[in-house]
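Q: Sharing a structure with you now.
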Amino acid sequence: MTFINRWLFSTNHKDIGTLYLIFGTWAGMAGTALSLLIRAELGQPGTLLGDDQIYNVIVTAHAFVMIFFMVMPIMIGGFGNWLVPLMIGAPDMAFPRMNNMSFWLLPPSFLLLLASSTVEAGAGTGWTVYPPLAGNLAHAGASVDLAIFSLHLAGVSSILGAINFITTIINMKPPALSQYQTPLFVWSVLITAILLLLSLPVLAAGITMLLTDRNLNTTFFDPAGGGDPILYQHLFWFFGHPEVYILILPGFGIISHVVAYYAGKKEPFGYMGMVWAMLSIGFLGFIVWAHHMFTVGMDVDTRAYFTSATMIIAIPTGIKVFSWLATLHGGTIKWDPPMLWALGFIFLFTIGGLTGIVLANSSLDIALHDTYYVVAHFHYVLSMGAVFAILAGFTHWFPLFTGFTLHPTWTKAHFGVMFTGVNLTFFPQHFLGLAGMPRRYSDYPDAYTLWNTLSSIGSLISMTAVIMLMFIVWEAFSAKRKVLQPELTATNIEWIHGCPPPYHTFEEPAFVQVQE
């Protein structure tokens, strides 16, 4: 098989998963570089980069790169492609060529996003792309249009991927295997795919109307022609809120596997409760979107509804957190690096969830909206939730993907550095938010200097951790320590074919013996 046939025209779920992991790693480093520019600007009062336009272009690009080109490709494209077929005993994904197209839509999409920064003044709209700031007066030129096309491609990629995963998971299990016997990671990807399938078309509609408002003189979001900019916010957040659950749900699946494995348990505590909790989170995620819009002047009864509905999500989330703790209980805990990431995830994700409950209160949110309290909240659940889950999964399944083991001491040291860095970066931002420092500004009054400086020092520590990770991966491929014998394969069937598994697995249907 030629290099081009294998890597450009691939129809193999393992190879496509590897492509996604490499692309996501690369994009993650670009997104980290953007975040370091943000923290360099905010490290002390005064100006570093120029005006607020270039600052907001960097903020916007940081968000898009991290969400659409790092977290989603790694979690859904990388881990999803690699593990879902292995975990359900399928020979590949349901639509292998569409799988390849889903991946190859991402590099052009990334290219369009980068292009949007290089023409005119760039898209300094924030990742929400609200009009009228994103309209053709405040953002004349092609920047926002290129960003919109970038989102279109990334969206098509995710929709096709979602169709592929839903079909694969429902249709390609052995007949004897019921949906309630599939591993939790498979469930998490299935629910994530359903969320993508239902939410992305609404985003596509919203940004397409914005595109025609900008270029064809329609007035969907322009009051002068009977439109309403608030409509855009509803359309965007109807996608945007499910999106944040799309980013964390596969992480829930990963953490369930890692915690059970390193606690020496044959399954996570409360399997059915975990499944129903994820289903509930997926459903509730669609009916809370306007909690992002408490400041736009909705009726008090509307705000009361969105406050209560948002708080209800804490219940299934709590079920998951306590089930993970119950899985740990009585286990023989192996303090391997994946377990450290998983425990860090549980602790920090819970803190992020608690600040989320604070923000759910519509009255409190009036004061906290668009302050650094919100930034701190969602970076606790993303930078320490989603990213810690990715690193737990990566350190756990790296031997499966490559056949080589990571250096245990250096991987633990990497966890320590990263844990310190992200907490020093984002914990002080709660104080800044409570003190009223607004988001998306490149400068601030002197009173905010201390916490901003500490936050920026934290970002440099996190950067050190990223460099350590790259070195750790290089070291593993360089030293070529082989995997001797994976453990607990009876309840972790992705490992049964060896490390790494052969190019084709389950070529003949798997034999499934159902427990009585």
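These residue numbers are counts, starting from 1, taken along the chain as shown.
Cβ atoms are placed via backbone N, Cα and C, with glycine included.
The topological domain 'Mitochondrial matrix' annotation in Swiss-Prot covers 1-12, 88-95, 172-183, 263-270, 329-336, 402-407 (among others) and is backed by similarity to another entry. Residues annotated as Na(+) binding site in Swiss-Prot: GLU41, GLY46, SER442. Per Swiss-Prot, the feature topological domain 'Mitochondrial intermembrane' maps to 42-51, 119-141, 214-228, 288-299, 359-371, 435-447. The annotation Fe(II)-heme a binding site is assigned in Swiss-Prot to HIS62, HIS379. Residues or ranges marked as O2 binding site by Swiss-Prot: TYR245. Summarising the annotation, Swiss-Prot assigns Mg(2+) binding site to HIS369, ASP370. Under the heading heme a3 binding site, Swiss-Prot lists HIS377, citing similarity to another entry as support.
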Q: Considering only the binding-site residues HIS369, ASP370, HIS377, which residue has the minimal Cα-Cα separation from SER442 (Na(+) binding site)?
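A: Checked the binding-site residues HIS369, ASP370, HIS377; minimum Cα distance to SER442 (Na(+) binding site) goes to ASP370.
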Q: Quick check: of the binding-site residues listed here (GLU41, GLY46, HIS62, HIS377), which one has the Cα closest to that of HIS369 (Mg(2+) binding site)?
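A: Of all the candidates listed, HIS377 is nearest in space.
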Q: What are the other residues, in sequence order, whose C-beta lies within 8 angstroms of the center of the C-beta atoms of GLU41, GLY46, SER442 at the Na(+) site?
A: LEU42, PRO45, THR47, LEU48, LEU49, TYR55, ASP443
Q: Of the binding-site residues listed here (GLU41, GLY46, HIS62, TYR245, HIS377), which is spatially closest to ASP370 (Mg(2+) binding site) when Cα positions are compared?
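A: Closest by Cα distance to ASP370 (Mg(2+) binding site) among the binding-site residues GLU41, GLY46, HIS62, TYR245, HIS377: HIS377.
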Q: Round to a whole number and give the Cα-to-Cα distance in Å for the pair HIS379 (Fe(II)-heme a binding site) and GLU41 (Na(+) binding site).
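A: The Cα atom of HIS379 (Fe(II)-heme a binding site) is 18 Å away from the Cα atom of GLU41 (Na(+) binding site).
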Q: In the same chain, who gets a Cβ under 8 Å from the topological domain 'Mitochondrial intermembrane' (435-447) while lying at least 6 residues past its ends?
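A: That would be 41-42, 45-49, 51-52, 55-56, 59, 126, 367, 370-372, 374-375.
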Q: Given a separation of at least six residues and a C-beta threshold under 8 Å, show me what packs close to HIS62 (Fe(II)-heme a binding site) in the same chain.
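A: The answer is GLY31, LEU34, SER35, ILE38.
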Q: Compare the C-alpha of HIS377 (heme a3 binding site) with the C-alpha of each of the binding-site residues GLU41, GLY46, TYR245, and give the closest one.
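A: Closest recorded candidate to HIS377 (heme a3 binding site) by Cα: TYR245.
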Q: Looking only at the topological domain 'Mitochondrial matrix' (329-336), what is the model's average confidence as pLDDT?
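A: Residues in the topological domain 'Mitochondrial matrix' (329-336) carry a mean pLDDT of 98 in this prediction.
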Q: For HIS369 (Mg(2+) binding site), what is the secondary structure state per DSSP, taken as helix, strand or coil?
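A: Assignment for HIS369 (Mg(2+) binding site) reads coil.
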